[in-house]
Amino acid sequence: MMLQHPGQVSASEVSATAIVPCLSPPGSLVFEDFANLTPFVKEELRFAIQNKHLCHRMSSALESVTVNNRPLEMSVTKSEAAPEEDERKRRRRERNKIAAAKCRNKKKEKTECLQKESEKLESVNAELKAQIEELKNEKQHLIYMLNLHRPTCIVRAQNGRTPEDERNLFIQQIKEGTLQS
């Protein structure tokens, strides 16, 4: 009966020590132990070693074939589909480029329009502020002229108002003017 050796085997020992009769303690097998084995056991060990090496080579060869075939299949598929896909990508890029240019132009036009509107509103605002200042100056001038005219006004004297009343009215108008400004 062939049993697997339960202990660890070093690299210096024969790699087939895993399949030997378990007659010795683990790790105690050396090359001399194999010299006394019968030819049948030697042949069986040789076959096990070759089988193990063959299995290892086949699995690594299978992995390399599997790994190498996949990209090869994909590259064949890619090369067949590449012109169509490249054309699709090129058209998509071209459409994207046109859309991006259109978007930039719209944005530029909108910015220019807003800039013009802003400048126009600033101009109108400046004109209105100038007009307000002009109207304030005109008001002050008219109040001054009115106050110069009041003491000599015949119409007011006929109404029964005295110069004192006129002076109080003038002070009241000045106060209202400063409150409104």
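Think of each number as a place in line: the chain as shown, counted from 1.
Note that Cβ sites are derived from N, Cα and C of the backbone, with glycine treated the same way.
Listed in Swiss-Prot:
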- Lys78: SUMO2 cross-link (CROSSLNK)
- Lys175: SUMO2 cross-link (CROSSLNK)
- 86-149: domain 'bZIP' (DOMAIN)
- Thr162: phosphothreonine (MOD_RES)
- 73-97: region 'Disordered' (REGION)
- 88-110: region 'Basic motif' (REGION)
- 114-142: region 'Leucine-zipper' (REGION)
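Outside the region 'Basic motif' (88-110) by six or more residues, the chain places nothing with a CB less than 8 A from a CB of the stretch. Reduced to three states, the DSSP call for Lys175 (SUMO2 cross-link) is helix.
Every protein chain considered, the tally of other Cβ atoms within 10 Å of the Cβ of Lys175 (SUMO2 cross-link) stands at 10. According to DSSP, the secondary structure content of the region 'Basic motif' (88-110) in residues is 23 helix, 0 strand, 0 coil.
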